[in-house]
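*Asks:* My structure is below; once you've seen it, I'll send some questions.
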């Protein structure tokens, strides 16, 4: 069996590195035979910081720099340093910016600085804090401040999906639905909110719950993994969602990212939005 090629991938940005990380990870997904060591260099805003990045590049290894740097002088300096060390340097947005410029015959804004630590950054932090404090049905007194409400039985990815959405800027409340226990909030009070129910195949849910019990050393909780109990829980959840006309998502074969993307589509449709994020 052939050994995997190893790449030291240096991701450089004068901002948060979110864009270059997303592009880089999407790209390397196409190379299953590649082993990648990822180095993230965010908030690189001076030549001294560029020098620090370059000093940490091992010349004995395969190296690649992917970057988003707005400042022309700093970008030029980074490319010069990379060339001097024979390191390939790829600007991840240059081609897209150039295509837009050529197509519309407009020049890019020289003062543009994506992802500045402005309102959008602090709004996202606020969304994360709100979502964490409203996990698992907590603090429902200010549920009216939520953008999205997620409901579902235990172990249907409500919490990780909520956190993922919060990172995108959405304020999320997630509420567990417990069989024979009344919904802790009056549906009439959240009629104007997007409420999404997460459902799942019963056999898959039992498997997830059983693994959870093993990890917590609580295997004696038989009802939690009882087929009849699980089927009843899922059925009751579907009835509640149908009664209140809340959309549902079957998460059996879906990743958190896919679940969140579907919820964002619901949100955009409800609010007549065409983008996929609040910012």
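Glycine is no exception: its Cβ is also placed from the backbone N, Cα and C atoms.
Pulled from Swiss-Prot, these are the listed features:
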- 152, 153, 154, 155, 156, 157, 158, 159: ADP binding site (BINDING)
*Asks:* What other residues of this chain sit with their CB within 8 A of the center of the CB atoms of 152, 153, 154, 155, 156, 157, 158, 159, the recorded ADP site?
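*Replies:* For the ADP site the neighbour list reads 174, 176, 198, 200.
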*Asks:* Can you name the residues of this chain that are 6 or more positions from residue 152 (ADP binding site) yet have a C-beta less than 8 Å from its C-beta?
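*Replies:* In sequence order, the residues whose Cβ lies under 8 Å from that of residue 152 (ADP binding site) (at least 6 apart) are 158, 174, 176, 177, 197, 198, 199, 200, 237.
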*Asks:* Counting across all protein chains shown, how many other Cβ atoms sit within 10 Å of the Cβ of residue 154 (ADP binding site)?
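*Replies:* Around residue 154 (ADP binding site), other Cβ atoms within 10 Å: 16.
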*Asks:* Have a look at the binding-site residues (155, 158) and report the one with the fewest Cβ neighbours inside 10 Å.
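*Replies:* If we count Cβ atoms within 10 Å for the binding-site residues 155, 158, the smallest count is at 155.
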*Asks:* I need the least crowded one of these binding-site residues (156, 157, 159), counting other C-beta atoms within 10 angstroms of each C-beta.
*Replies:* 159
*Asks:* Give me the count of other Cβ atoms within 10 A of the Cβ belonging to residue 153 (ADP binding site).
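*Replies:* Other Cβ atoms found within 10 Å: 22.
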*Asks:* If you run the three-state DSSP split on residue 152 (ADP binding site), which class comes out?
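*Replies:* SS state of residue 152 (ADP binding site) = strand.
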